[in-house]
Amino acid sequence: MNRLERLRKENPLVVCITNDVVKNFMANGMLAIGASPIMSGEISESEDLMQAASALLINIGTADRAKAHLMDEMMESANENGIPIIFDPVGFGASRFRVDITEDLLARHKVALIKGNAGEMLALSGSESRMKGVDSAEAGNTTEIAEAVHRRYGVPALVTGEKDALATEHGVTTMVNGHGLQGKITGSGCLLGGITAAFIGTADTFEREAVVDAVSYYNLCAEAAAGKCAIPAPGTFIAGLIDELYLNDDTLLEDSLVGGI
Amino acid sequence: MNRLERLRKENPLVVCITNDVVKNFMANGMLAIGASPIMSGEISESEDLMQAASALLINIGTADRAKAHLMDEMMESANENGIPIIFDPVGFGASRFRVDITEDLLARHKVALIKGNAGEMLALSGSESRMKGVDSAEAGNTTEIAEAVHRRYGVPALVTGEKDALATEHGVTTMVNGHGLQGKITGSGCLLGGITAAFIGTADTFEREAVVDAVSYYNLCAEAAAGKCAIPAPGTFIAGLIDELYLNDDTLLEDSLVGGI
Amino acid sequence: MNRLERLRKENPLVVCITNDVVKNFMANGMLAIGASPIMSGEISESEDLMQAASALLINIGTADRAKAHLMDEMMESANENGIPIIFDPVGFGASRFRVDITEDLLARHKVALIKGNAGEMLALSGSESRMKGVDSAEAGNTTEIAEAVHRRYGVPALVTGEKDALATEHGVTTMVNGHGLQGKITGSGCLLGGITAAFIGTADTFEREAVVDAVSYYNLCAEAAAGKCAIPAPGTFIAGLIDELYLNDDTLLEDSLVGGI
């Protein structure tokens, strides 16, 4: 199935309640693949936006109490309108506050996918985190962490790292594309959340393959961007990554390295 | 008249109350043409800022109720100090909230220019919008839409699209420069709002030609940037557009394609 | 001493309460040198974050009253936990509000370093400012301004300009590296604040040399980035600056031009 082709035809509206650091980068990356991102800061917009949306992306980085309330309302409207929610617990474990709002939001609303880096998802799984900052990743065993989060919350869980792992009721899928520079730029994981939301929003029902394709497409574009840098470095890479997201199509996915458990 | 040369001598202070997605891009683009952008989130700054400002740019994207209140105060101070206001109703029509604050702000304050894309301006004109997201544009007839908004609000109206149209009491001017990649990056229209504000802020009184030059300069820079991309793509284009805004001068305007109705 | 090498080993967590315009650029620049930036908007996170942080960066651009309260709490926790605070009074003098919150925060908390451009620091020193916007710099005598701020507040003061000047109890150090394009992009001074915070956070106690190295490294990277632009222009320069911050190491500092009074 040509998911990207369909995405570029449908231009799914993805409502993003996301952190202040990455809004521009996320919007550009999502436009590049053909999605229509919209960001909102107003609680009373939730019903209007959710009636038109194909997906809702929730990213808790830089959230405060008011924004947690906004997320709560958006997620409520999304659930009522049958809109899939992608939840990214950025910096989970860095503060009691982030733990509290995450657990509260996940308890109150049904999400389609939880995604995060190994440190965040390890903490979310109930195990102890040794996380520092929001960008650090632990090597860890992403497969086990994904399974643990999936078990705990009963929803698909995507853990990013050198080996990305997606755990669903059908088992674990691993993906090994990507480039080290992704860890050297801010918002790399956040944008993946937005792209995954767009892919999920394009499918008629939740499909594991939509997530796998989103992750693989993103990571293959990162490889291509890094490969074109004369000297691989993050400033040039950022622009190159946006370029590749725009220039490639479904055929790129033929190179994806995906495995079972 | 060498507007850009004058702008670069005067470095007009343009106060921007704008959306969270595009602040960095807008600031860099405005610095590139020689303006002095300042952004504020604090209501008590309105009087101080409006006493020093050459123009006020209001962009309602990602606004919430508190920010609408900030906009109200800034516009009040701007009117009192005779500072021209450029109003950009981003995402108008996407929610009742955006409709309400736009209509309220436009009813309470006098603006020098309303600008928006075809979908937003069509909705603002009172006609029905088929808008999706904030970046989508309808082909539509930008000339008619500009005239309709001008008629409804009694102020100059600029509608962007493949053909840009500016409607004032003296009729409609159309402009046809630009490049398709502008529609593939976030904040392209927002930055045009900031640049237009800087051009208007440099003129002694409102001049239609200031808006026409702002739009033409911006679009010609976009053409130049796209022309220098080895393979036209949005990541490289963003940096190139900022470069061109910085590198060119008034002579670029000799290539502008401007027409009457 | 190889400060950058140590920084890249320790990846100091730098909590940034900074303005909305530059968050993405600051985060990418700080990641490029090896720091772990985290940004927060929530007051209840202050204690958790300060227990893990190596430094706190406070930047008052785009602040409102709520954010000033957040800064107050973060600085309180930082002082309690012995975390050095770097304070950047962006736009000081542009409004009574920015003056008030700066004076209040500096009166209530002990900071390790105040840094700002010549216009801001001149105003902060008690002298009259002729500042316009937040990006304009006055030539002025940065050495005298740094001494005046240091005298007034009793803490190290860094004034940026063509000649950067750092005044401490041991006298004034001047630094003359850098490139004019730094003044043409938004957040250039803000990112320097973040980088300085990371260098200070890497040292065991406050060392004047840590600030000097931070400033010199940043400015030398700017020179390198500008030197590699085919035609020096801000869009390309932004990416190149991030690249250089990532690619260089302590040996670059051998080229730094540093002097006494």
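Backbone N, Cα and C atoms are what each Cβ position is placed from, and that goes for glycine too.
Cβ contacts within 10 Å of C:G187 (substrate binding site), excluding its own Cβ and spanning all protein chains shown: 26. Annotated substrate binding site per TrEMBL: C:M39, C:G187, in sequence order.
The ATP binding site feature in TrEMBL is assigned to C:K115, C:T160. Neighbour density for C:K115 (ATP binding site): within 10 A of its CB lie 31 other CB atoms from the protein chains shown.
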Cβ-based isolation winner (fewest other Cβ atoms within 10 Å) among the binding-site residues C:M39, C:T160: C:M39
Binding-site residues among C:M39, C:K115, C:T160, C:G187 whose Cβ lies under 8 Å from any chain B Cβ: C:G187
Spatial separation of C:T160 (ATP binding site) from C:M39 (substrate binding site) - C-alpha basis, Å: 24
Filtered binding-site residues - C:M39, C:K115, C:T160, C:G187 - keeping only those with Cβ under 8 Å from chain A: C:M39
Between C:T160 (ATP binding site) and C:G187 (substrate binding site), the C-alpha gap once rounded to whole angstrom: 13
Integer Å distance between the CA atoms belonging to C:G187 (substrate binding site) and C:K115 (ATP binding site): 13
